[in-house]
Each structure stands twice: as structure tokens, then as C-alpha cells.
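For reference, the structure is listed below as C-alpha cells.
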């Protein structure tokens, strides 16, 4: 009886074709190991490397878009909720019916004080928080605090609104400082992934040429501020689709208003105390706040899920290892740099002009003359003009570096001088086209200002060890300027325009003086960044050998350069005392200190 044929050939058995398969490679136990476990025969290393870095570049673009969209949604929700809340709380009937004698005006004043006063001390803790949590996680934490502020409006009481406003004020400077640092780092990483061949030739420790990432930084900042300025338009959606249906027209709200524009004083003197025709239902308010809460939560998910890390883990460790005392002091030490001192007036003006657009222009010239129901459209015009004009920052690719900043300052100078002589009449709509045009042009100047400043800081300070300090100083001075506007809200419009004009001229002159110094070759004095001091054992990234080495390979001496050298020495007695203990590689702590063996006593 014949044996049944085997279903599968036995490994190593000789087939019908002899000792070779169809490809001409010996089969069986004589087959070379490389043919069995080697690389794919059609593998192209250069093509795979190109595809790898293309995926890296797409990841960087995803990070930039996600951070920009997250910032837009976060700021849009914050502004929209704050605007709707202040309008509702301003109405006397709403306060008496909804909250009785709870004292909403007092709560609102303390809430605004918490938002505007708390950032004054942000310079003390912002760099420490960014280094402790990391840039991405600082962004996520700050966006979460904005979402917390939105959530407290479900139950409007003193013990919910005021503490959340203080927490929000503490998160303002860390959020925008980490955002600016993040966009700058993405531009640097995109340059590294685009020029990876040059990086391989120069070596991993060689820094790229100074200013090499500037073109990518211009593009990324233009993208970021195009999204950011859209937040002002997004903030008006609750007003347009919900609150405008409950507002009186301008003949009622502006009945006692006498002066507008340059002749006005304070904020809407004579404005009617009742602005709501009917009170919105509590259920409708809950629906609107739930939508805003969902958008804030979406912003958190964008930052958490789509934003990658700004630094490698080893770089994060190095940034923290310079010492927390040094991290606390370095923002103050950067005042020695004349470039930052010359840019401080521009930082202050940057805070002045954005708040003037939202309060002085929109309220003193807009609401005062065309009514509260058109406030949203004035701010939408400003937002769309600024968002579209952010692309003008790309002119820096072809024009001299001062061109965008000087152009924005010149446009704001013309508009400020024009506003000195414009006093629109209350309850008159004939000049509404001029109002929209002024709002759009002011947005163009704001876009050139914001894009130019952030790009300039990223170019002047491209060392990754300094960027968080620089953007912290920038946004801290902006917060100081916003606090000053909050204190001077009751000043006459001419006084506000005078302060704005003087600050603008001083900022432009100081910036041009700085550029003149740099052209003359004056070297800025920068504080030295201390070297990282790793005080904990076990940093695997300091090991130069293969970290996947098995224990068996280590015992054999594979990858152990020191032991291999010792084994290669000729046998026989050696002069000098024999070192105690077996041969071993220096531990990571010793490598960090530069030692070659056991610690010296």
C-alpha cells in the first residue's frame, strides 16, 4: 500500500528542480541566511527616506493648521460669550427679572478686573509653566481653562464667574506665548525635514544657517494669523443668529446719545439702560452656551489630538535641566538685549490697537452712531479684513524686513489722524459704508502688525532655548497695554487717540532705530543660557551604543567599546595600579558630567 503524498514539502528537502528554486537560489539547509531574512529585493533606500520626510512635513503642516484652528475657536468662543454676557447683564430688566438684587454689575466689574489685572504677574510664572508642562501641553491646559470659563456661565454667581475669570487671566499670556513658540518651532522643523540631506552632511550637532527657516516662518505666521483674526467673526455668530432678535433698534437705544466719535467721552455716554425688547428664555440661553461649550471642547480635542510635540523628548529634558531658578530669571535678563528694548513700544502698541478696534472704534464710532444691532457687522468687517490681509505678510519674502511693520504702522497712522476729525452723528446711517471701510482698513493694519512682529521675533531669536522667553515678554507687554486701556476706559476719545498716536510714532521710530543699529553691526548682548545639568541617573538617550542590545550581547562584549579595547590589549602585567572592579561602560550620569569611569572621590 502506497504512502499518501505530503501536503507540504519538508523544509530542506530537495525538490523536483534539484537544489535550486526558480530564482536560482540554493534551497534547503544550504540557503544563505540573507536571502531568507534580508531586505526586500526592490527596496530603494533613497525613495523610502524621501517618503518618510514627506510624511514628516505633512505632519508639521497638520500641527500648524490644528494649532491655528484651535486658537481661533478658543478665542472666538471666549469673545462671543463675553460680549453676549455683558450685553445681557447691561439690561436693567434682565438683571431684575433673572437675578433680582444679586448685583450683576458688581460681579461683571470684578470679572473684568480678574481678566485684565491677573496677567500683570504672568511674567513670573509663564516660562516656568511652559518648561514644566511643555509647549503643547501648556497650550492644551490653557485652552482647557478657557473652556472652564465657558462652563461657569451655566450658573452665574460670584463664586463661579470671578474665580474662573482670574484663572482665565492667568492663562492668557501662557496660551499665546506657547502658541507663538509653537508656530516658530514648526517652521524650524519644516526646514529640517525639507533639507534633511544637508543636515546629514553637516552632522546632527551642526546648527542650520541663521535665518534659513525665515521663509517657512513667514508662511506659517500668515496661516496662523489668518485663522486667529477669523475668531472675531466667529465671536459674532451668537450675536447675529441669537441676540439680535431680542434687541431694540437704534432709535430706542441711542435716544439720549448726543456725541459720537471724536467728541464722545467714556464708553457710550447716554446709552439706554434697556436694550432688550423681550427677554430670552433660559432654555435658549442654555442651548447657546452648550454650543459654545461644545466648540471649546472641540478646540481642546484639536490641540490634544492633532498637535504634535514642539520638541523632542531629549530637547524637553534639556530645556528643563537648566535649573528652575535660571528659567525664572532669564526673562528679566533678556532686557539687556537692545533689540527687545527697542521693540517694547511696538509690543505696547500691539495691545492698544486691537483693544481700540473692539472698544473705541466699534463702540465709540460704530454702536454710538448706527446702533447696537450693527455691532456684529462692524466687527465682522474688521475680522475679514484682518484675516485676508494676513497673507500680505508673505511680502516679506521679497521686500525688506521692515516693510510689513512700517506699512501697517503707516496705515494706522493715517486712520488715527483721520479719526481725530470724524464725529458721526447719532442715529444716522448714511456714513455706515465709511464705518465699514475704516474697520476693514484697521484690520489690514492689525494683520500687518501682528504678523510682522511675530515673524520678526522668530527671525531675531531662532535659538530654541530662548523662544519661549521672548514670546512671553511680547505677550506680557501686550497684556500690560490691555490693562492700561481697561484703566483708561472713561477717558475722552481724543485722549485715547492721542495716546494711540504717540505710542505708534514712538514704536515705529524705535523699531527703525533698532534696524539701523543692526545694519551698523552692533552686537546685541544676550544672556547666556546655562548648560543642562542632568542630576538623575538613567537618561537612556545619552548612551551612544545600541539601546536595543540584549543582555547576552552585552555579556559577550558586543557594542561595549571599552571592554573590547581592554580585551584587545596584550596579555601580561601592566604598569600602574589595576582598576578595581570589572570593565564597564560609564553610566549616563557620568557621561553627562564628562567622566570616563567610576566617580572620583
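Even glycines carry a Cβ here, placed using N, Cα and C.
Residues annotated as region 'Disordered' in TrEMBL: 1-28 (among others).
Beyond the ends of the transmembrane segment (60-81), by six or more residues, the same chain brings 139, 143, 146-147, 149-150, 153, 168, 175, 179, 182-183, 186, 189-190, 193, 220, 223-224, 226-228, 230-239, 289, 292, 295-296, 298-300, 302-303, 305-308 to within a C-beta distance below 8 angstroms of the stretch. Here TrEMBL flags 60-81 (among others) as transmembrane segment.
Long-range Cβ contacts of the transmembrane segment (111-130) within its own chain (Cβ-Cβ under 8 Å, at least 6 residues beyond either end) map to 138, 161-162, 165-166, 168-170, 172-174, 177-178, 181, 324, 327-328, 330-332, 468-469, 472-473, 475-476, 479-480, 482-483, 486. The transmembrane segment annotation in TrEMBL covers 111-130 (among others).
The annotation transmembrane segment is assigned in TrEMBL to 137-155 (among others). Sequence-distant contacts of the transmembrane segment (137-155), counting only residues of its own chain at least 6 positions beyond either end whose CB sits under 8 Å from a CB of the stretch, comprise 67, 70, 74, 77-78, 81, 85, 129-130, 161, 164-165, 167-168, 170-172, 174-175, 178-179, 182, 286, 289, 292-293, 296-297, 299-300, 303-304, 307.
The transmembrane segment feature in TrEMBL is assigned to 161-183 (among others).
As annotated by TrEMBL, transmembrane segment applies to 216-243 (among others).
The transmembrane segment annotation in TrEMBL covers 285-311 (among others).
Residues or ranges marked as transmembrane segment by TrEMBL: 343-363 (among others).
According to TrEMBL, the transmembrane segment annotation covers 375-398 (among others). Counting residues 6+ beyond its ends, the transmembrane segment (375-398) has Cβ neighbours under 8 Å at 215, 218-219, 221-222, 225-227, 229-233, 235-236, 239-240, 244, 357-358, 361-363, 366-367, 404, 407, 435-436, 439-444, 446-448, 450-452, 455 in the same chain.
Annotated transmembrane segment per TrEMBL: 405-423 (among others), in sequence order.
For the transmembrane segment (469-489), the residues of the chain that approach it from at least six positions outside its boundaries are 112-113, 116-117, 119-120, 122-123, 126-127, 130, 172-173, 176-178, 180-181, 184, 266-267, 330-331, 334, 340, 343-344, 347-352, 355-356, 359, 453-454, 457, 461, 495-496, 499, judged by C-beta separation under 8 angstroms. What TrEMBL records for 469-489 (among others) is transmembrane segment.
Marked as transmembrane segment by TrEMBL: 495-514 (among others).
Taken from TrEMBL, the feature region 'Disordered' applies to 524-601 (among others).
The compositional bias 'Basic and acidic residues' annotation in TrEMBL covers 553-569.
For the transmembrane segment (285-311), the list of distant contacts is 59-60, 62-63, 65-67, 69-71, 73-74, 76-77, 80-81, 84, 134-136, 139-140, 143-144, 146-147, 150-151, 153-154, 181-182, 185-186, 238, 242, 319, 464: same-chain residues at least six beyond its ends, Cβ to Cβ under 8 Å. Within the chain, the transmembrane segment (343-363) has long-range Cβ neighbours (under 8 A, six or more residues past its boundaries) at 232, 267-268, 375, 378-379, 382, 405, 412, 419, 438-439, 442-443, 445-446, 449-450, 453, 456-457, 473-474, 477-482, 484-485, 489, 493, 496-497, 499-500, 503-504, 506-508, 510-511, 514.
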